[in-house]
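Taken straight from TrEMBL:
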- A:20-43: transmembrane segment (TRANSMEM)
- A:55-73: transmembrane segment (TRANSMEM)
- A:79-96: transmembrane segment (TRANSMEM)
- A:145-161: transmembrane segment (TRANSMEM)
- A:167-184: transmembrane segment (TRANSMEM)
- A:191-209: transmembrane segment (TRANSMEM)
- A:278-299: transmembrane segment (TRANSMEM)
- A:311-338: transmembrane segment (TRANSMEM)
- A:344-367: transmembrane segment (TRANSMEM)
Amino acid sequence: MSFGAERGHTPDFAEKLRSINWGLIFLLSAIAGIGFMVLYSAANASFDPWASKSMIRYAISLALLLGVAIVDIRFWLKAAYPIYVVGLVLLVAVDLHGRTGLGAQRWIELGPLSLQPSELMKIGLVMVLARYFNTRTVEEVGRPLHLLYPLLLLLVPAALVMKQPDLGTAMMLVMSTGGIFFLAGVRLWKFAIAIAAGAGLVPIAFGFMRDYQKKRILTFLNPENDSLGAGYHITQSKIALGSGGMWGKGYLQGTQSHLNFLPEKHTDFIFTMFAEEFGMAGGCVLLALYALVVAYGCAIGLRSRNHFGRMLALGITLNFFLYVFINTAMVMGLIPVVGVPLPLISYGGTAMLTLMFGFGLVISVYIHRDVRINRRGESES
Amino acid sequence: MKPRPLAQDKSRYKVLTRRTLMLGGIQLGLVGALTARMYYLQVLQADKYKVLAEENRINLRLLAPQRGRILDRFGVPLAVNQQSYRVVLVAEQAGDIDSTLNAIGTLIPLGDNERHRVLREIKSKHSFVPIVVRENLSWEEVARIEVNVPELPGVQIEVGRNRYYPFADRTSHITGYVAPVSEKELTGDPLMELPDFRIGKSGIEKSMDLELRGTAGTSQIEVNAFGRVVREISRDDGQPGQEVATTLDMALQDFTMRRLRSEEAATCIVMDVVTGEILTMASSPSYDANSFTHGLKASVWNALNTDPHTPLYNKATQGVNPPGSTFKPVVAMAALDSGVITPDFRVNCPGVFTLGDHEYHCWRHGGHGTLDLHGGLKNSCDVYFYEVAMRVGVDRVAAMAHRLGMGELTGIDIPNERPGNIPTRAWKLKKFGVRWVDGDTPSIGIGQGYIAVTPLQLVTMLSRIISNRALVPHLERQPGIMEAGKPFDPDFGAKDYPSLGFNPAHINAVLSGMNAVTNELGGTAYGARITDPGMEMGGKSGTSQFRQITAAERERGIKKGEQLPWKDREHALFIAFAPVGNPRYACAVFIEHGIAGGKYAAPIARDVLRECQRRDPSRRVPPDPLIVADAGAASTPDKTP
């Protein structure tokens, strides 16, 4: 091992390029490639309107990923708060004059782009939490007072997202923060108390929910009750998925999705369409690809010698996993329908861009794995 | 040599590693759960879902509610629903629309227009909404399509209901008609997109549309991959529309419409002066409301629209014309009520009234001699009313006209009523920027000049004078909707109208003058009197000049209206009430280009009022509405001789 590594080695540009995780990028590209195929099928064997745009977005996102990856990890440490604050400002802006889609204000128009700030906030929150826990020892994490500040970091954006209203994203923020707390070493019994308290708050929160959100939850509990209204999506999704069988109906052969019985087949329900055409076999392959990405991310996190990098890589990977799990569990009828896209496959610009940005950070963590950062956020020599 | 992490980082790292492994384990477990779920759905339950996917798909269908019927005051149906068959296409299930339409075209005739309409509707409506390809199929056509349905994906025969007006053109101006919803009228309510669905476009169908409409039902059905209905899971029929009972006496309406056929274009209204109920509102010529139900052919529409007799117009509520001498009772009431004259006020009529260097003629060139109010009304003496008008002034006449319901909407409960116009000094200044001059006033006295009123306003005016109350004419029986089995209140509304506060002596003076018009020898409509004892009517004739016979025509020897082409003749009017002792019915007749009120309009009023009293619809106790309604649906009501 070189002497430089011992001091907290900062790699030069050539070293950076060499240490990029091409394997991870290959996995991501494979998943995105499956995405293009499914979008092509969703548009009835046509690149328009989804597959072509998605490919362009992926190319742009990939360039972004590489750019983010070679930027020094200490820069991202410093950028954590600015990014978080920009995310907050955009969330407030969306609240003030965002575009309303499907009954909720989620998008903001920036020229030709329509941006969904809640997506950006998912990364921003992980960044500030990683930075915060970089400054805390295990003993400090054990004291409840030290958890108040990170809780505040969570609650402000979560409240703004709830206001949109976007229950799914708010839940995602809460869960990824919980995951980071867990990784930071918060005692398990504290989680037990928080979950118990949360359960106690459910009836109260239920009173604050919009009617359509209540309906979704009630429908999930008893889908037969409303098989043509809110339960329609999930019933049709299960029929499409189940009728795919072990080996699927074949590419471009999904009857349910092509006959439009399946709603939102290019966004939230895209996994259903994939599983209808490629069966359980295809579904398992896709899940395995996702699992490999998660494993890769965890390995990178554990490999880092600075706590910020570890928390960042693990936090982003956990977020990714939550996306995959919530989306697939939803279309299989395991959890209520919430609007969470399937990473790299669902049609949607902001989600793809922020996800690739996140993995750019993960690779940056890997490239700068030997950089030491002390508790004050300075590199150690 | 390995770098030694700081002690605190080491413990932190240990916790992190352990926790990451735990989290990884949880994640693995969740992925396992997903795989298990996939196994359950895609392997264990695959057969069930394959069946559901291939054969059974749940569809929701909207069922158009049965539109409420429109009835007359005795329960005789004026608008009902009839069964009909139509072929519909569900775009979502049809696949290739063009080839499906071609296939239908080989079974039943299908024009290019229909084809284009279908394609247009497919674009503008939800893909699950059935779109009508052809309506009113014959039995043979139904059979031909039914046999071929297996080869026609998304094509179905549906049983629908058509609006049907049993009396066709005799009630169209009252019931109005229904027609398919136009693209502009779509509100996003899927009910509006249903092929069955019709909305009211005029008359009671329009004004009571929401009540008549009812609420949609739904049917949950399982449909297979070809769009064939497998079974109905559940059904909610919705709420049929409410029935609307009108104040109309259909037998009298029928009689009146037939009676008006002697004229080219005319209207006749009968109103109950106690309740404000419209017993008859006939406007002739009319149109057949049935022809609108399926969308009118352009040629028929053009013919109706360009007909000089304006069949689409409800002449009773929309025709505005100078009232002529039928306005004289208003002038008399204004003069009496303001104390300018008493019934004994006398005027000498030399045949001409002079104001400055202007001469105003009486209709009788030789003049009437000296007359009081009684004589003035009986002879319809113009000079008498020039003089009275000059004394009262235009503004007080206008105030009285408004009090009697003229020059403004009466508020009758069918749409598109027109307000007409009653001039005042302020009105003329505003409208033309010119002051009212004395020379404008005499013509007001005889209902000419800027005055324009509807026949409905005339009958309202007369009813208000008789009843001394601010009656509002209406066609809707009681507060809106008829409840099954509930008897009508025969005098409903009688107590609800505010008093107008006239001196009964003034009312008597005017009515006695009108009595003389028909019942005293020499009255302008003596020839049209009712002779049946106890049924005598009083009235007032009117002839509305909208054009004078020109000097050139006079030279050609044309002296009488009868010699002019129809379009150039004067309008004939008559207002009447009966029975004279205790009036219950008021009537207004307006004949377009009918030449002379006393001669042509009065006989119609006589016949209608006699028929009305013979039937006495306001006093007859209505039979149980349901029983009569059922009987009426099966047979047409009795015709009068």
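Cβ from N, Cα, C; glycine included.
All annotation found in TrEMBL is predicted automatically rather than curated by experts.
Long-range Cβ contacts of the transmembrane segment (A:344-367) within its own chain (Cβ-Cβ under 8 Å, at least 6 residues beyond either end) map to 11, 15-16, 19-21, 24-25, 28, 31-32, 34-35, 38-39, 50, 53-54, 57-58, 60-62, 64-73, 76, 113-116, 119-120, 122-123, 126-127, 266-268, 270-271, 274, 297, 300-301, 303-304, 309-310, 312-313, 316-317, 319-320, 323, 327. When the stretches A:20-43, A:145-161, A:191-209 are ranked by Cβ pairs under 8 Å to the transmembrane segment (A:79-96), first place goes to A:145-161. Same-chain neighbours of the transmembrane segment (A:145-161): 84, 87-88, 91-92, 95, 118, 121, 124-125, 128-129, 132-133, 136, 169-170, 173-174, 177, 180-181, 186, counting only residues six or more beyond its ends whose CB sits under 8 Å from a CB of the stretch. Same-chain residues lying 6+ beyond the ends of the transmembrane segment (A:191-209) with a Cβ under 8 Å from its Cβ atoms: 165, 167, 178, 181-182, 217.
Same-chain residues lying 6+ beyond the ends of the transmembrane segment (A:20-43) with a Cβ under 8 Å from its Cβ atoms: 49-51, 54-55, 58, 62, 65-66, 69-70, 251-252, 254, 257, 265-266, 270, 273-274, 277, 286, 289-290, 292-293, 296-297, 300, 343-347, 356, 359, 362-363, 366-367.
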